[in-house]
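J.: Once you've had a glance at the structure underneath, I'll fire off some questions.
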């Protein structure tokens with residue numbers, strides 16, 4: 001997300017009193033879109049920079065490990081992109097493919113996987129952007145990439161917040177959960193989360209644009225005057241509504257759930273149901289905890305840079321990119337967590353990767369049952385054909 005749109009009135013990039021307006025962009029997008037909360041997507045000090053030399057050069061000394069940083073970032077982004085896209089699409093596939101996976105919790109997981117898949121799909125653009133030190137993809141893709149990052153940030157945390165409330169209802173109010181926790185309601189809530197996220201995603205899409213700066217093209221956000229006010233207001237709003245408030249809601253929900261689980265030995269009257277309930281609750285808790293761990297550094301970093309001037313050093317640049325990479329890494333971790341923490345996901349992943357004869361037979365029978373429901377006349381024909389084949393086999397079978 002373009003963290004640092006360049007103010008229109010910035011005139012002297014050597015002015016020590018205004019370093020935030022001239023500091024080099026953090027790479028693939030400071031909040032890039034992670035980077036868009038603190039910088040544009042283009043890094044004038046990237047590996048292909050033009051070092052003007054002298055005190056007025058916006059780049060650090062030539063000896064800085066920009067090429068090593070670029071290679072490391074591209075390698076990390078490539079891994080996150082491949083694992084994230086494959087893993088999240090696999091999660092969505094098994095939820096759509098297997099009827100037993102269409103539970104309320106898994107519908108929320110589908111929404112989370114969709115947001116993560118969209119976010120990881122932007123990484124190739126960001127890698128090229130950082131390597132070239134300019135944004136070569138045009139204004140339309142600039143708008144799409146930046147808005148996807150904001151959509152992912154808000155939709156992911158809203159979905160995790162919804163999952164925590166859903167777990168709270170399942171554990172603390174099991175009777176009410178029977179009416180509320182349905183796949184249909186979960187789909188409606190998912191749509192609402194995307195609509196609410198549009199409150200920030202759509203404005204950001206209109207604000208995103210490309211600008212020429214120092215011989216390169218930046219993919220950045222533009223703000224009205226005074227620029228510093230609207231830019232910092234955006235950062236603070238994102239920090240509050242996409243991090244602080246959801247984390248507080250999640251903390252309260254899990255605090256109440258822990259008290260409930262400690263005070264009651266059996267929640268549903270069945271040991272098996274209780275075991276599944278606790279297992280799912282534990283899985284959601286781990287997913288939420290990993291999300292908070294991965295996203296806390298970038299949120300803290302951005303809010304500090306909005307309030308305090310941080311000198312541009314190699315350590316600052318490396319730590320900034322580490323925070324960005326950590327945020328994107330979360331998008332590829334969730335499928336791994338599901339595979340280790342949920343037996344149903346683990347079984348479905350195994351059947352997808354290594355199909356067994358029994359699994360293939362189950363899939364074929366499921367297709368036949370679906371065709372039976374959709375085409376009754378065809379189903380009757382299939383039944384007659386099967387009956388004729390059975391008679392033929394009986395007639396041609398060797399005598400004992």
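These residue numbers are counts, starting from 1, taken along the chain as shown.
Using N, Cα and C of the backbone, Cβ positions are placed for all residues, glycine too.
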J.: Does Swiss-Prot give residue 276 and residue 314 the same topological domain, putting them on the same side of the membrane?
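T.: Going by Swiss-Prot, residue 276 and residue 314 are on opposing faces of the membrane.
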J.: If you look at how Swiss-Prot annotates this chain, which of 280-306, 361-387 comes out as transmembrane segment?
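T.: Per Swiss-Prot, the stretch marked transmembrane segment is 280-306.
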J.: Could you check which of 32-53, 186-207 is flagged in Swiss-Prot as transmembrane segment?
T.: 186-207
J.: Taking the Cβ of residue 168 (phosphotyrosine) as centre, how many other Cβ atoms lie within 10 Å?
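T.: Step by step: centre on the Cβ of residue 168 (phosphotyrosine), count other Cβ atoms within 10 Å, giving 21.
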J.: Please give the average pLDDT for the topological domain 'Extracellular' (132-142) in this predicted model.
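T.: Mean model confidence (pLDDT) across the topological domain 'Extracellular' (132-142) is 91.
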J.: Taking a Cβ cut-off under 8 Å, which residues six or more beyond the ends of the transmembrane segment (186-207) line up next to it in the same chain?
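T.: For the transmembrane segment (186-207), the sequence-distant neighbours (Cβ-Cβ under 8 Å, at least 6 residues beyond its ends) are 1, 5, 36, 104-105, 107-108, 110-111, 143-144, 146-147, 150-151, 154-155, 158-159, 162, 166, 221-223, 237-238.
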J.: In DSSP terms, helix, strand or coil for residue 168 (phosphotyrosine)?
T.: helix
